[in-house]
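All remarks here apply to the structure that follows.
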Amino acid sequence: MATRTASRRVKGETLHDGFLRHRGFRWLKICTVFSLVAIVAYCLVDVTPRHNGGSWLGYVLGTIGALQILWLTALGLRKRAMTRGRWSLKAWTSAHVYIGLSLIVIATLHTGFQFGLNVHTLAYALMMVVIVSGMVGVGFYATLPSALSSNREEMTQPQMIDALRSIDRQLHDAAQPLDHHLAALVRGSLEQDPFGGGLMRRLSGHYPGCATRAAQAAIRRETAYKPKLGEDPIDKVDALLVRKEAILGRVRRHLKLKAMLEVWLYIHVPVTFALIAALSAHIVSVFFYW
Amino acid sequence: MAGRYRIAIVGSGPAGLSAAARAAALGISHVLLEKTDHLSDTIFKYQKGKHVMATPSQLVLRSDMAFEAGKRERILDVWRDQAAAGAIEVRYHAEVKAITGAAGDFTITTTKDDTILAETVVLAIGTQGNPNLVRCPVGEGAVVQYQLDDPGEYIDEHIVVLGTGDAGIENALGLAADPEQRNSVTIVNRSAEFATAKDANVKALLAAEAAGRLQVRRETTTAAIDKGMIRFDTRDGEVSMRCDRVIARMGSAPPRAFVENCAARFEDVEGKRARVAGTGVEFSSADRVSYPVLSPTFETTTPGIFVIGALAGYPLIKHCMNQGHDVVEFINGNTTLKPADEPILESRFRDLPGTRGVDEWLEFLRTRITVLEAMSPLQMREFMLDSEVRFYRRGAVVFERNAPGSSLFAIADGSVLVQVNPSDPSVTVPIACGSIFGEVGLISGRRRGATIRAAEDSILVEVSRQAALKLQSQVPAARAAITRISIERQLLQMFGSGLASEDLGEVLDSAEIIAVSAGKPVITEGEEGDDIFVIRSGSMVVEKQVGGKPVFLSYLPAGSYVGEMSLIAGGRRTATVKAAIKSEVIRLKGDAIRAVMAKKPALLEKVRRDMASRQDLNAFIEAKKDSFSGVVDLYSSVSNFLVEQGVGEATDVLLIDENLCVGCDNCEKACADSHDGLSRLDREAGRTYAHLHVPTSCRHCEHPHCMADCPPNAIHRGPDGEVFIDETCIGCGNCQRNCPYGVIRMDAVPPKKPGLLSWLFFGRGPGPGEPGKAWSYANAKPGVERPKKAIKCDMCSGIDGGPACVRACPTGAAIRVAPEDFLSVSRLERGEG
């Protein structure tokens, strides 16, 4: 290539890998080896009468598992504390995912496959809920961002809302000359909260009672058989309603995707706290009955 | 009018007002002429409640008027009261049309045809003055006006408003406000964005457009205006439309013609009144931004006419007020008065060896340094305010190779050594006393190309980029000298190979500097030619036609050269090289270079080596030609998109991979929490292509647009190449308007938040990220005024660990790259395309 006179810092050799591929799957490798070691140890160590959480191996696995859980919880702090220093939240997330997955192996081996209706199994069950919700989250993180990006087409969320408002204002003005029953339809579209209806609506992205769609359909029925004269205010309202529906669709998809990217956290995080409570009870009770 | 005033002061801004106050205090007969009905119109027109700053803080205020940082209203009230109390004679509604006569006997004519007699005239009219005029041809009978007093007086007209600054938008909205007037209003914008107007105005304009109340023409310039008709150049060709009236609101330029014509003699040239050369007030150069030539007492080339304030090149209020005070003292015969900047200059020279006074030092520097020779004492003072002078012991490092820096160094005493070979510090080239160095950084904005040490005890002047640019515009000889030296050095540094400056004589004589606008080619694939092009500033992209489509080969920053392949191997050009942004190239004649190569085989060898790597790339492209498919297409289009987004002039840019971005906005929160609670990036805004998103965040341009017009000179390039704004910002908003990427915001620092844990456990405070306006308002300390200042990304300089946005991205979507790391087809080889 043509010459550069000043060579610059070499940067960006690992410019571009996501949290799952971080540093050539470093944490996946570490955690796989670690889990394999645990499995091999489980197979080789002879515990009589059978494997359980109270053997020395059980204690070792239990201690490791408990420390892992605490460390995994610390991601919430790390994410929010913008301290100085050479740390990367991407590396933390990567480790969080793979260490969290390895917990399935560690904790299951710790139980020695003894389950019952007690606080110990409750802690295990809560942990599995957290891990499964986390796996769902990773799945969403891996698949949804590009859809989110394609859907918004360089518009920001405030811009979408502004666009909606602007159409609403124009609808309000344009609907003034309409007949009463038609104006009522438009008013319905203006007055309805187009994103209300709760979590399931938002996650599904389906709004069966959408007043805008109803108004648009009704007005289209009015205009369908009328000759286009160009000056009829109803044509303008029709066009505005079509535009509003399009932008509504976009915002709803946007909100749906954003909600999906977040909704799993509403299980993941609270259950984590329940898990820590159950885990504390589990540890205390174990030592109490020792 | 009876009576002659000793001093007539034109303009009642800070400078004029201070001058009048001084004259009143000294009991000198004076008159202050103001064209409006109130004092200090420029500050009067500031928005309501604007915080006016008092910088530079180290400058002592020397004026009979009081001034300290505060709200616009308070400052205006104080001045009005003091003007009344000080018995200043003000004449309102007196807009000066012409000044004739000579020292001791000037006649000032106002637009109302009143005349005022005065012995001396002080011009303190600032630079806001005259509106920029329409530049296209205007036909007979066409109505073009530069002001709109009452939008209500036009009915049933087709009106075109030129310019989409605040003034233009407000006019257009005013004209279209009432449908009963039945005006058809069109507003014309040169670009696609509305960068120079306030957000609220832009929103109102777009809403009015959507509602069909007016038309907005984007990417349109005016080609011609005729009676009843206007013709536009648009992106899609020429368009004509009906037009009864044109209102041009395209900013204003310093009122140069008026000043030049003061006390000038006129003659008839081909029926037109023309100024006789050498009369009137002379300006330092033909440059649009140049200032009048002034003596140390602010006297122009016409005796008896003085110029102070922004028109003299001092835009800051404190400077203006001090000059107002000083100029009246000078006129009154006080010759021993030292300028108020004396203490600052004294501190500049304090650490130097030898005992010289400020004036002696200035004279020493001026006579020793070649490029400064043509400067006046006043220019030297101003120049030194923006520059540093330092003493270096023998062997001390002036700057290191690859250090960022855009300042120019001049050697006032001693000499320096350039380490031309990075791997062997013993190979050096001397630069002698009186010469300059560091000009490559000044011109290209790139990092330093070599380490420089003092060869003996030396005194060096470090000229800031700002001062160096001013120097070049004021002193044409300095510009020519710097240009020639810079070309010579750039060639020597680029080619190395034991070349000396005498070898290059012929090459330099044949060299010419060509300005290339963005997108224009300097070399076209397939054409004949053997010239070499050196990129002096800006950057270029190299493209090759493969299968009828241009493939993006590579990105060349300033300091590279192209065209050597045809020169050495012969044949036609093998690729197209075109400017990514507005650039300058040095064209070197092939014959001249060939002659040097014949004399210096080492040079030929070096160029051959450089060429080999390019041939490899060409071979790679040729080999992949058939399998070139979606991957390369995508790569080419992504690269082109990035160049369009200004990445070509960036030195470091934040990109977001939207295949990974989950929209958590942790980058923005981290940014806010790392910098006083204000985020300097807007993740969601900005352009996206193929899931590669360029968020609204500083690109740290090679030639930052924001630096162009900063009154307190508060924008600098820091040690890691970051462009940052220091605490002397006065909140004027110039940088925000000048930034083409909209990355600078004006905001006040919010109050401090409670800590993270007390938010996490007790819910105190607003949590991580930028606090909401409501919270900031509710928790503001009463009585403490927090002025709005310009804030922008500083690449987290001084923060251990680097940019917070990248560190805080949980998925690895946010990355920071320098364009040359990113824009190369060779990445395809590694499968990273």
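Positions of Cβ are set from backbone N, Cα and C atoms, glycine also.
What TrEMBL says about a protein is an automatic prediction, not a curated fact.
Taken from TrEMBL, the feature transmembrane segment applies to A:27-44 (among others).
If you look up TrEMBL, you'll see A:56-77 (among others) marked as transmembrane segment. Counting same-chain residues at least six beyond the ends of the transmembrane segment (A:56-77), those with a Cβ under 8 angstroms from any Cβ of the stretch are 38, 41-42, 45, 47, 92-93, 96, 99-100, 102-103, 106-107, 109-110, 112, 127, 269, 272, 275-276, 279, 283.
According to TrEMBL, the feature transmembrane segment maps to A:97-117 (among others).
The transmembrane segment annotation in TrEMBL covers A:123-144 (among others).
According to TrEMBL, the feature transmembrane segment maps to A:263-289 (among others).
When each of the listed stretches A:27-44, A:97-117, A:263-289 is scored by C-beta pairs under 8 angstroms to the transmembrane segment (A:123-144), A:263-289 comes out highest. Long-range Cβ contacts of the transmembrane segment (A:97-117) within its own chain (Cβ-Cβ under 8 Å, at least 6 residues beyond either end) map to 19-20, 27-28, 30-32, 34-35, 38-39, 42, 47, 50-53, 55, 58, 61-62, 64-65, 68-69, 71-72, 124, 127-128, 130-131, 134-135, 138. Remote same-chain residues near the transmembrane segment (A:27-44) are listed as 20, 51, 57, 61, 94-95, 97-99, 101-102, 105-106, 109 (criterion: CB distance under 8 Å, separation of at least six residues from the stretch ends).
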